[in-house]
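Going by TrEMBL, these are the annotated features:
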DOMAIN    1-375  domain 'Amino acid transporter transmembrane'
TRANSMEM  20-43  transmembrane segment
TRANSMEM  76-95  transmembrane segment
TRANSMEM  115-132  transmembrane segment
TRANSMEM  144-166  transmembrane segment
TRANSMEM  178-198  transmembrane segment
TRANSMEM  210-233  transmembrane segment
TRANSMEM  253-281  transmembrane segment
TRANSMEM  293-313  transmembrane segment
TRANSMEM  319-339  transmembrane segment
TRANSMEM  359-379  transmembrane segment
Amino acid sequence: FQGIFVLGLPYALLHSGYGGLFLIILAAALCCYTGKILIACLYEENEDGQLIRARDTYEDIANACCKKLSPKLGGIFVNVTQVMELIMTCILYLVVSGNLLSHSFPYVPVTEKTWSVIAFVTLLPCVFIKTLKIVSKLSQLCSLVHFIIILVVMIYCLTQIHRWSWAKFRLSVEFEDFLVSVGVIIFSYTSQIFLPTLEGNMKNPGEFRCMLNWTHFFACVLKTTFALTAFLTWGEETKEVISDNLPSFLQTLVNLCLLTKALLSYPLPFFAATEIVYACITRGNHSNYRSPLFALGVRGSFLLLTLLMAMFIPHFALLMGLTGSVTGAAMTFLLPSLFHLKLKWKKLSFLEKCADITIFILGFLCSIAGIVCSIKGLLEVFR
């Protein structure tokens, strides 16, 4: 929940004003809700009225919803969407790493792409990751580094408290700028891709809903506090990545921490993407596909693919925005609400049906708006 997107939240407040504060809270509530209904789709009642885990993955849920149309169509769509989003996330981490290294060592005569290759070399051990337990340890370190970054920025902001003024908040905002803010805020909470695996690996899955409530609550409090403190400090001078507003000595420190965070964040989407692809390939139970060497080849190919795409895709940020608008909105809002309505329609109350339909419509509108803005940006660049 506390990804690199968090550093863009003060900039989002600059373009959304008071509405941005409300959106941070609303996005937390909506993402928490869609996470719960997605996990509810994994379960069915048995003859005794007890809930049993009838499905294991996002793919299984999709297949259950589309079984009348085609037994595997839903799963294929979900898998392609998931892999696209995960690969683009991995590429983003490599691009960000190269960018941070070039800004941290501006006097070293090395291009940004070369720095990305150097960052890639440090990620080569990822091909040997076999279990989620290793990924979770790296994610813990990632969270620790992230809190150091937040702490440094907030302590500096508190030393500038004499500059704070609520007059810096806007009451009226530009519509397109507001849409950009909506995207940054909503997608800083997305985690639905990982939830079925996470819930399935919990020692006590019955605590999943409670865990989701508390994590979203604390994420919301931290995001609101961080965004508000930083924006009140810099106001109209707030930059897209808030670390760029810091004095040079702190900026270098934060950039190196961000680099560490980006490299530690890479294994989670990488592991998830390779596991999906490997599971699809080995479903036929061919003995050749079950060998450890083949699994190593799949991971190695993915690692190399992310590097090549990071180095050769032009205007990556805009393409990332376009992909995020399609896959992010689909996986976070559209599909969970649609699947919940399809699988649980007879057991849902009127209010639950209204909630699912409303979230589906909001997700659809966010997706369309994001696609339009991204395509417009791409057209302007290519002109």
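Backbone N, Cα and C define each Cβ position, glycine as well.
No curator has checked TrEMBL annotations; they are predicted automatically.
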Using Cβ atoms and a strict cutoff of less than 8 Å, what residues sit near the transmembrane segment (253-281) while being 6 or more residues removed from its termini?
3-4, 7, 59, 79, 82-83, 86-87, 89-90, 93-94, 96-97, 100-101, 103-104, 119, 122-123, 126, 129, 132, 134-135, 138-139, 141-142, 145-146, 148-149, 152-153, 193-194, 197, 243, 246, 289, 295, 298-299, 302-303, 306
Recorded stretch, among 20-43, 76-95, 115-132, 144-166, 210-233, maximising Cβ pairs under 8 Å relative to the transmembrane segment (293-313):
115-132
Looking only at residues six or more beyond either end of the transmembrane segment (144-166), which have a C-beta under 8 A from one in the stretch?
2, 6-7, 222, 225-226, 229-230, 232-233, 235, 242-243, 246-247, 250, 253-254, 257-258, 260-261, 264
Of 20-43, 76-95, 115-132, whichever stretch has the most CB pairs under 8 A to the transmembrane segment (210-233)
20-43
